[in-house]
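Trainee: The structure follows.
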Amino acid sequence: MEFPFGSVGTTNFRRFTPESLAEIEKQIAAHRAAKKGRPKQRGQKDKSEKPRPQLDLKACNQLPRFYGELPAELVGEPLEDLDPFYSTHRTFIVLDKSRTISRFSATWALWLFSPFNLIRRTAIKVSVHSWFSIFITVTILVNCVCMTRTDLPEKLEYAFTVVYTFEALIKILARGFCLNEFTYLRDPWNWLDFSVITLAYVGAAIDLRGISGLRTFRVLRALKTVSVIPGLKVIVGALIHSVRKLADVTILTVFCLSVFALVGLQLFKGNLKNKCIKNGTDPHKADNLSSEMAGDIFIKPGTTDPLLCGNGSDAGHCPNDYVCRKTSDNPDFNYTSFDSFAWAFLSLFRLMTQDSWERLYQQTLRASGKMYMVFFVLVIFLGSFYLVNLILAVVTMAYEEQSQATIAEIEAKEKKFKEALEVLQKEQEVLAALGIDTTSLYSHNGSPLAPKNANERRPRVKSRMSEGSTDDNRSLQSDPYNQRRMSFLGLSSGRRRASHSSVFHFRAPSQDVSFPDGILDDGVFHGDQESRRSSILLGRGAGQAGPLPRSPLPQSPNPGPRRGEEGQRGVPTGELATGAPEGPALDAAGQKNFLSADYLNEPFRAQRAMSVVSIMTSVIEELEESKLKCPPCLISLAQKYLIWECCPKWKKFKMVLFELVTDPFAELTITLCIVVNTVFMAMEHYPMTDAFDAMLQAGNIVFTVFFTMEMAFKIIAFDPYYYFQKKWNIFDCVIVTVSLLELSTSKKGSLSVLRTFRLLRVFKLAKSWPTLNMLIKIIGNSVGALGNLTFILAIIVFIFALVGKQLLSENYGCRRDGISVWNGERLRWHMCDFFHSFLVVFRILCGEWIENMWVCMEVSQDYICLTLFLTVMVLGNLVVLNLFIALLLNSFSADNLTAPEDDGEVNNLQVALARIQVFGHRASRAITSYIRSHCRLRWPKVETQLGMKPPLTSCKAENHIATDAVNAAVGNLAKPALGGPKENHGDFITDPNVWVSVPIAEGESDLDELEEDVEHASQSSWQEESPKGQQELLQQVQKCEDHQAARSPPSGMSSEDLAPYLGERWQREESPRVPAEGVDDTSSSEGSTVDCPDPEEILRKIPELAEELDEPDDCFPEGCTRRCPCCKVNTSKFPWATGWQVRKTCYRIVEHSWFESFIIFMILLSSGALAFEDNYLEEKPRVKSVLEYTDRVFTFIFVFEMLLKWVAYGFKKYFTNAWCWLDFLIVNISLTSLIAKILEYSDVASIKALRTLRALRPLRALSRFEGMRVVVDALVGAIPSIMNVLLVCLIFWLIFSIMGVNLFAGKFSRCVDTRSNPFSVVNSTFVTNKSDCYNQNNTGHFFWVNVKVNFDNVAMGYLALLQVATFKGWMDIMYAAVDSRDINSQPNWEESLYMYLYFVVFIIFGGFFTLNLFVGVIIDNFNQQKKKLGGQDIFMTEEQKKYYNAMKKLGSKKPQKPIPRPLNKYQGFVFDIVTRQAFDIIIMALICLNMITMMVETDNQSEEKTKVLGRINQFFVAVFTGECVMKMFALRQYYFTNGWNVFDFIVVILSISSLLFSAILSSLESYFSPTLLRVIRLARIGRILRLIRAAKGIRTLLFALMMSLPALFNIGLLLFLVMFIYSIFGMASFANVIDEAGIDDMFNFKTFGNSMLCLFQITTSAGWDGLLSPILNTGPPYCDPNRPNSNGSKGNCGSPAVGILFFTTYIIISFLIVVNMYIAVILENFNVATEESTEPLSEDDFDMFYETWEKFDPEATQFIAFSALSDFADTLSGPLRIPKPNQNILIQMDLPLVPGDKIHCLDILFAFTKNVLGESGELDSLKTNMEEKFMATNLSKASYEPIATTLRCKQEDISATIIQKAYRNYMLQRSLMLSNPLHVPRAEEDGVSLPREGYVTFMANDNGGLPDKSETASATSFPPSYDSVTRGLSDRANISTSSSMQNEDEVTAKEGKSPGPQ
């Protein structure tokens, strides 16, 4: 048996010597000779794969253990390369102490140093030494820290340069400079080092003080950290990979932004200069007015910005005494405008990244008009959502590809390891057969490969054995580490693996939840060492382990660490396989491969086997040791002092405590205490009474004492040695210690910092809350996987912060105290010092870059700021943050959120709750029976209540007993027939010997842990069964009846009634879905009871019976008729028969489609009527009265509809439908408000509130519109997981909120001066605190106010955090926090500067992680639902799916007749021109030129420029018109058969009309709005869209968008509905709010239109803080509660509670749900589109095939001659092309020929497709599929039966040639014989006339010329002599044709291309 990894032992490592080099040279020479010897055959694909380097022997990887132990003397020495790939390369390897591989070139370095030179060897040794890289890394880090300081001496710089130079020299000496592979400059990372050093010397030589640009290059040194740390290189690789992939998206983004920017330029140029100017201002002066000259310009109240306005009817208007005029500058320092293409592009980029876009939106709408909202809707939905998410999709895909590669690498390693294990296993068996004790391997220290600490290990093993603990938790199966190890070794593991814990997931396998501490002490287990070893070696999974030892408590007095916490209560944790062999019996495979004992008779082999086993043992131990955290000496010390075994009484005391702390009720109590403690902490607020404060303090002390006691008890019960091996316990211990510290410290000072630690206790809930646990794990895993990425992000932030500081710090006017003052104003965001620079960069990463950039551009040069900010934005925000999201999404997997982790642990909390419930039910039963026996009441029997099943008709949904442990326990108490004795039932949860049974579907049973039932208590598993035919259906129904026969009298239909109707066609009908859950006698998990289809459903599917069944159901549910027999009526007798007829009539009315349409129409009308009830309704009495009447009419109609449905459907059916309930509630609201109005109670507050609920009316449309209903159903499916994540987010945020309350409660108040606009904060030198503010208030203008959004209590804290997480309004909160001093003190500028960090940490963990978890959850959930639907899209209706599939297939293709060339010679000439490719290219170039000329346009351009541009435009219109006319002239009626031509035609018509209109309108400018002119000019932009035709990558992305459209339309519809309802609510609640912040005369809730404007803006969560701000006003100085309003109400204050609820719910619904659904759809369709585009053959390739075909087959006969095939194959492009010479490839394709040597189109396409895709099963299905499609769309192919094939013809050809040659040779021999004078001819015998020619002539004829036509089968067709060929083409002789084909191909190549088709 050969060991798979080469020879074993130190022979693997051979020094690199001159002999080794000579051997390599020999190999290289041999390789070259071999290469020359075999010239590559032309026309043949080189199938042989090139050899590749081994993955695990790559440079920078660690050498795997199985290459043996590296002797110390070979560390750092040149060794021969182990990778066979490099046997022909001049290389050698060097290994350092940690076995890391470094590969070097064996050529001379710098032409001076050979590989054996002493200097070079020393350099090599130094360069691979670990201390060298540590020294360099430390130097780089110190250098980075120094760079953040400005006051350090220049000499320090030189020191660093010297170190870097030394490093470079060492590397160059060791590797060589650049010529050969593995030299210094061949590694791109070294380019970075080299450039840094070069620049340092350039800087030293020239004085660089003036050139700050070059100085900033020093910053790149931070990147050197990447090159030093190997893990980072991989991530950078992924980043670069994703940037490459972004090329197409970047092009598409730039293209779309350019188009939108051009539209913006045409529509809005110059508009943002419109401002309100005082009446009477001189017009010439107005033109030069800028915002600085504030005297004449109206300033918007509450801001410092001028009020913009427009002259359109729906634009913003000026106040009285002001008029709207165009001035000289734009808003925001003149940077926000559409005046030129560049500024418009910047504005559009800002819109795409959604930074402060609401400001641009409001400015533009105010200046241009509300109708332009359409432009913003398009840009936000197409530009922002679509493009940004495409970037996410691309990055995600790039990351996944990288991950797949990594996985493949791991799998390759795993495979090798398995092979090694098999070898080891066999050798082990042989050793055992020879009687060698395998445990003696541990003492096999003579071998150089012996495990390092085998002798240390032995005593530990013995000491453990002597402990004699038989704790079942130590068994191999239950230890998570071992499971992981076994799975790594490829063995089966005990517990079923949850689907997401795959070994090869995208992250390192995380530790098992149930055992967070990984392994017990050092990974070697109690019990028999040898059996454990053998079980690993024999590959026997834990499932075969046989029964495990059980004991209620360990025999040893030490209770062990896990006993009682996870594995207690005697529940089996291993999955016990039936019939598993007990003991170390060999499996069959093992016996089969058993090696003979003779094999090891020779001493050498025995020795070798020992050595192999020893190596493999060391590999296994290496795995174990990787888990060893402590050195062995410390472990023995810990075992001695930290396991407390004293006198028996102490042990007894320990036992008692042990029982106490492991009881489920103890766990429940602790959990309750954590919850109550959290509530206590959350109750802190400001202002707080002393008594309340004292109560909280007392509570804190009580809880601290309680948790301290818990910790003490656990330490005593478990012993410290075991207690501290659980991570949760360590966590507990830290928190308790900190709490005690906090109690001991004084009340003031660092109190709040310590307090925050107490909050972490909330995380203990994760032990009993699976979702929280899972999300913490996801964040943990992501942070783990993201460790490197986070580091890269940190480096990026660091570098950009430093660059910013170096380049810009001087421009910000920095003072000594670090405050930046510019134009007399203090700046918060500047780059004066590193901390502020870091904050600016961090803010850009949060997506807020534009405002910082404006300030930067004001203080510095524009280009530096633009470059810096946009680079950070694109690199940091778009790429790195998206990579983060990609990793987060990958951390999710299938059933993470739906099912809690299957970790085999009985959840103590659930056990405790189950016990309580069981006890409660027992108590209630006892009380019931007591009352019954005493009062002698005849109550219905409990048995019937609990056990009775409804009759068969409703069997569909109710025939299952829930898995829920408690329900099962309780529900079965009253069913003695189902289980054992009654008294045992309550205990079945905790007692494995008690089972409860339920009928189980045949063939379904599984053996699983009982824990899963309790674990999945609240889960439901859905199971579908599809009966395979009539028999099964009947059987199922029969079973359903039997199932209930014992319990209920049969009613409804039975299977006998069904039998006659179930014909053949119902055989494959699927039964409806049934929630299948149950507990049975063989399974305590997921057993499914019998699935019963509803017979009525089956019958409804039979058309003949559908009519009869079309009757109303019973009116009342079963329960009513059972309790009140009067409800049960006989419909065949007189009074009820009439009623029955009425019901049937109502039923037919309600079911009629016209009725439904009428109701939908009414719903739409009534919803529309609500939109008119706005703030100005009182001013329109006529409209008001109409609305009142219509409201009554609608209410009556809806009430009538409801009554009709009650009569038709009956109460049971009506009230069991969720949509009907919705209708019922909404109708009741309308009815109540109507009655209140009639009774004149409509002014009562509660009735007013109820009236606002009429806004819910549109919700009724949901159930009627299929598109929306589909989306809502998908959403409802996702609600459980969304709520789960929402809850977990709230817990996360609770911690930050309580922390915020501790840090900032009461500190946000300030003294403001109300005279300024906006209110200014009074200087803290003038007013220091609250009392000062009141004392100084002589003028009455000073107010002591609080910031509206603050941290005074936890609820407000949540609101503040929501604003921070959505980055809206967060600046004000941060400024207040940073300026805060103390409670009731006046804030001071940046007093607590480092409070910024609180927000930074929250944004990373609270904002970034939790909000992206939503994306993850939603996408994940929709994928789940998709799987359930069998991969169909869940957001589309059936109709839309048809569109989607049509888009995907793009119709079945067929050869089209090409447009015939016109006969007229002039037309023919033009036809030749327009069908040339060059013509298309020229037109494309002109379109690009046109685009460029449109970009040149600006606002305020000179008259001359306008004229020139006008002429150029006219020229382009003429050109495109000319093109259009030419094409129409040449192509005639065929012009309009092409969609693009139609598009061109429309664009040309629009362009001409826009020219005419602009001429007309310019003369009538006073009558028309110039806006109309602008819209018409947009037609020109349509021309640009023609460019899309040319770009394939962009087409794919747009194709993805087209495929997304139906689903996006549905989601958009739902979003519109939500906006509609909220805008009605907004009008009812906030119409009278004061104009302030985001609310003004245009953006408000006064009318429906304005409300929609506001709601569209906050759909992306933009500016919601501004809309909320005025609603939070409750009184002076902000608003006046007594001010009368126009609609009769009083006050302009808001209602904070309603406002907060309104905005937070809207943001959660729209932003988190709807927008994320949008993302989910785009990601999905992008994947589909790219899959289709990355397939080897796409639709485009087939199109191209047909286009080429048209040229060769102008008559569309579908056949071409075989002679033309070679040219056809060469003319094709893309993957289908077969370049010349291609004859033999085509012949080998074996194409069928029809008479006339013709080949059919489809046969060629199949053959070429096969040539690209290779042989595969899918090809056959594709072939039949294509054939069917083709037959459907084309004339029948059957008329042409093939008579031969190309291969057959070639074989016949060659056969003929061979026969001819043989005959000639024969004749030649004859002639030679005859010319021989000695030969006597015997002509009469031969009977053949002899040739007269001589020998030479004959030879010339045979070899020189080739007269025989059959030998040149290149361009001419075969001779038409095939009629004689029979059709049996199967008997093809395999004549070797390759040589003749090769000759022929060479001939063909020489002859050149043969002519194509005529």
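Just so it is clear, glycine is given a Cβ too, placed from its N, Cα and C backbone atoms.
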Trainee: Is K1505 placed by Swiss-Prot on the same side of the membrane that V821 is on?
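Mentor: Going by what Swiss-Prot records, K1505 is on the same face of the membrane as V821.
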Trainee: Annotation N-linked glycosylation site in Swiss-Prot: match it to one of N445, N896, N1323, N1834, please.
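Mentor: The N-linked glycosylation site feature in Swiss-Prot corresponds to N1323.
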Trainee: From the list N279, N1934, pick out the residue that Swiss-Prot labels N-linked glycosylation site.
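Mentor: In Swiss-Prot, N279 carries the N-linked glycosylation site label; others show none in the record.
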Trainee: If you check Swiss-Prot for N-linked glycosylation site, which of N311, N788, N1228 comes up?
Mentor: N311
Trainee: Going by Swiss-Prot, point out which residue in N1130, N1329 is annotated as N-linked glycosylation site.
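Mentor: Annotation hit in Swiss-Prot: N1329.
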Trainee: For N1323 (N-linked glycosylation site) and N1329 (N-linked glycosylation site), determine the Cα separation and express it in whole Å.
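Mentor: Between the Cα atoms of N1323 (N-linked glycosylation site) and N1329 (N-linked glycosylation site), the distance comes to 11 Å.
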Trainee: Sort out the residues at least 6 away from either end of the topological domain 'Extracellular' (1173-1185), same chain, that have Cβ-Cβ distances under 8 Å to it, and list them.
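Mentor: 1624, 1627-1628, 1631-1632, 1645-1648, 1686-1688.
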Trainee: Restricting the comparison to the glycosylation sites N279, N1337, N1500, which residue's C-alpha is spatially nearest the C-alpha of N1687 (N-linked glycosylation site)?
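Mentor: Given the candidates N279, N1337, N1500, the nearest one is N279.
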Trainee: Measuring CA to CA, name the entry from the glycosylation sites N279, N288, N334, N1329 that ends up nearest N1337 (N-linked glycosylation site).
Mentor: N1329
Trainee: Residue list, the topological domain 'Extracellular' (1377-1392) vs rest of chain: Cβ under 8 Å, 6 or more residues beyond ends.
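Mentor: For the topological domain 'Extracellular' (1377-1392), the far contacts come to 686, 819, 826, 828, 1303-1311, 1321-1322, 1324, 1327-1330, 1332-1333, 1398-1399.
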Trainee: Between N311 (N-linked glycosylation site) and N1500 (N-linked glycosylation site), what is the CA-CA distance rounded to a whole number of Å?
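Mentor: Here the two Cα atoms lie 18 Å apart.
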Trainee: Given N279 (N-linked glycosylation site) and N1329 (N-linked glycosylation site), what distance in Å do their CA atoms have, once rounded to a whole number?
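Mentor: If we compare the Cα positions of N279 (N-linked glycosylation site) and N1329 (N-linked glycosylation site), the gap is 45 Å.
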Trainee: Report, in whole Å, the straight Cα-to-Cα distance of N1329 (N-linked glycosylation site) from N1500 (N-linked glycosylation site).
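Mentor: Distance between the two Cα atoms comes out at 53 Å.
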Trainee: Summarise the topological domain 'Cytoplasmic' (1266-1284) as counts of helix, strand and coil residues per DSSP.
Mentor: 19 helix, 0 strand, 0 coil
Trainee: Let me know the DSSP-derived helix, strand or coil state of N334 (N-linked glycosylation site), please.
Mentor: helix
Trainee: So, by DSSP, how many helix, strand and coil residues make up the domain 'IQ' (1852-1881)?
Mentor: 24 helix, 0 strand, 6 coil
Trainee: Under 8 Å between C-beta atoms and at least six residues away from its ends: which parts of the chain pack against the topological domain 'Extracellular' (1497-1507)?
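Mentor: Apart from its flanks, the topological domain 'Extracellular' (1497-1507) reaches 265, 269-270, 273, 337-341.
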Trainee: For the topological domain 'Extracellular' (1173-1185), would you mind checking the mean pLDDT of the predicted model?
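Mentor: Here the mean pLDDT over the topological domain 'Extracellular' (1173-1185) amounts to 92.
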Trainee: Identify which of the glycosylation sites N288, N1323, N1329, N1337 has its Cβ surrounded by the largest number of other Cβ atoms within 10 Å, counting every protein chain shown.
Mentor: N1329
Trainee: Could you tell me the C-alpha distance between N288 (N-linked glycosylation site) and N1329 (N-linked glycosylation site) in angstrom, no decimals?
Mentor: 46
Trainee: What is the Cβ neighbour count of N1687 (N-linked glycosylation site) at a 10 Å cut-off, with all protein chains included?
Mentor: 14
Trainee: Quick one: Cα separation, N1329 (N-linked glycosylation site) versus N334 (N-linked glycosylation site), in Å?
Mentor: 40
Trainee: Which of N279, N311 (the glycosylation sites) has the most other Cβ atoms within 10 Å?
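Mentor: When each Cβ's neighbours within 10 Å are tallied, N311 leads.
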